[in-house]
Amino acid sequence: MAVVGPLSVIFNLLLSLLVCHLHFTILIQAGGEGRWEDKYPFIREASTFSSFSDSYDYIIVGGGTAGCPLAATLSTKFRVLLVERGGVPFTNPNVSFMQNFHISLADTSSTSASQFFVSTDGVFNSRARILGGATCINAGFYTRAAPSYIEKAGWDSKLVNESYPWVEKQIVQRPNLAPWQEAVRESLLEIGISPFNGFTYDHIYGTKVGGTIFDHYGRRHSAAELLASANPNKLDVLVHATVQKIDFDTSGKKPRAVGVIFKDENGKEHKAFLSTRKGSEIIVSSGAIGSPHILMLSGIGPKAELEKLNITVVLDNKFVGQGMSDNPLNTIFIPTNRPVEQSLIQTVGITKKGVYIEASSGFGQSGDSISCHHGVASAEIGQLSTIPPKQRTVEAIEAYRRSKKNIPHEAFMGGFILEKIALPLSRGNISLVTTNPDDNPSITFNYFSHPRDLKRCVDGIRIVEKIAKSKHFTNFTQCNKETLDKLLNMSVQANVNLIPKHTHNTESLEQFCKDTVITIWHYHGGCLVGKVIAPDHKVLGVHRLRVIDGSTFKESPGTNPQATVMMMARYMGVKILRERLGKAAGL
């Protein structure tokens, strides 16, 4: 029987995912390090939870980049419940292998590790839905924040410098530099992005090689593995537990968080209770989108917006969901005359123009990729970056996917050079659409609404052009004019960005930036310090509630934020224990 209509899109996508990557499931089962259940016996399905369980000293909402290291730290001394709406990453081939990085982002099914959304700007995007959070679906690059960032945040530098290594010793490695990354490194130095700072986690102007959470076999090591440092007797981790709201006692002068209401994988509702002991807290660590979303669904947010959806107002705070920002990304595809090794971000250029230069390569050049997916900036992961944002639609993706089968796969040999705006000034917001926590809120980033962001993008594209024309890079691509013209002709239908024709024309480049903007998933804000939380991350106007994750960042730290999010969670966990126990914390 033929599958027709919208179902055909889903059917064809799932079929291609199955055909292209079934063998990776076999690899995981054959090459893994034993059963994950044996290593993490405290992880279980939400349906196994009993509402008659003892209360917890800490309930953490969201088992992501921040939630996992935070739970591991707090459980060394106290009873902790960590609730995560997604499943486990350990046997998911789309999470476990670098080759499949783009597949998780392309998978829009309800069981995917990523949840697809489109901002009101028209840019396609994803948010994590799996234990380990964004560390399970990102490009793996690991780099610390600049010392000036740490100072501006008001953090204790000694504890910061103890917390980063706690993460690094467990899941971070030095990468084997791929040829594409070597060519980018040499080209950056050739055009003056210097000095070369070698391999380092530090954020320093110039060119460097950073860390990675992929090992030498291409296996990912996510924040979920930091749970191995937990006290297994004091930690419960529930997966497929979707928090509906935080429960409050509003009988006193200030609302007090008392528990969390969640649904399990079968749709049954449960309630977990917070201990009445002094110092016990609920900590929201659901990410830059999830945390303000949960606060609003729980009655903390702009009063008028909450009342529109008949949500009982616990605390009127107009700043919840405000100050959202996403670092705009623009990419240029550089074709080669031969296949290149797959690589995700390893080399980075930290410029003084307010942009970061990064690169990826080798996704999409095999015959299989014509019916599967082709990389970090591909149409199938929701970018369609040669089509202006407001014109990017699901129908356009499907039309492209059909036409792609007729494009020679040689057209996709090569890779991307990425330029990311470092500290965007453009700001947006999150607002509720429904009261269903499974539904995405309305998300606006207002890309390039601030003129400085646009100027920096123009500067970045000109840097990318210099790299593409540098001696080292042209020697690497080995594309003479005849070969290049042939590849470019094949690429006409390939929906990839090439070097703009009129880079001397600022107005033309500004339009190019606006038309080709995509995301590198580094969005942040929504629960800012001084607006929603205090410097100690306690929610203003409420007792026994904190927010600890990237929603508290006004600026994204370093070139890529995951290192600092994990560090901050460890840092805050230690701070909380020391404040509560003093020397008895023993950390």
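FYI, residue positions are counted from 1 along the chain as it appears here.
Glycine too: its Cβ is placed from the backbone N, Cα and C atoms.
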Member of Cys513, Cys527 annotated by TrEMBL as disulfide partner of Cys457: Cys513
Tertiary contacts of the domain 'Glucose-methanol-choline oxidoreductase N-terminal' (287-301) (same chain, 6+ residues out, Cβ under 8 Å): 61-62, 64-66, 117, 127-128, 133-134, 243-248, 311-318, 320-321, 324, 430, 432, 435, 437, 440-441, 443, 523-527, 532, 539, 542, 547, 549-551, 553
Among Gly550, Pro561, which are binding-site residues, the residue with the most C-beta atoms within 10 angstroms of its C-beta: Gly550
DSSP helix/strand/coil residue counts for the domain 'Glucose-methanol-choline oxidoreductase N-terminal' (287-301): 11 helix, 2 strand, 2 coil
Other C-beta atoms that fall within 10 angstroms of the C-beta of Cys457 (disulfide bond): 28
Greatest C-beta neighbour count within 10 angstroms, which of the binding-site residues Glu84, Val243, Trp521, Gln562: Glu84
Rounded distance in angstrom between the Cα atoms of Cys457 (disulfide bond) and His522 (FAD binding site): 16
Maximum Cα-Cα separation (Å), residues Glu84, Arg85, Val243, Trp521, His522, Gly550, Pro561, Gln562 listed as binding FAD: 25
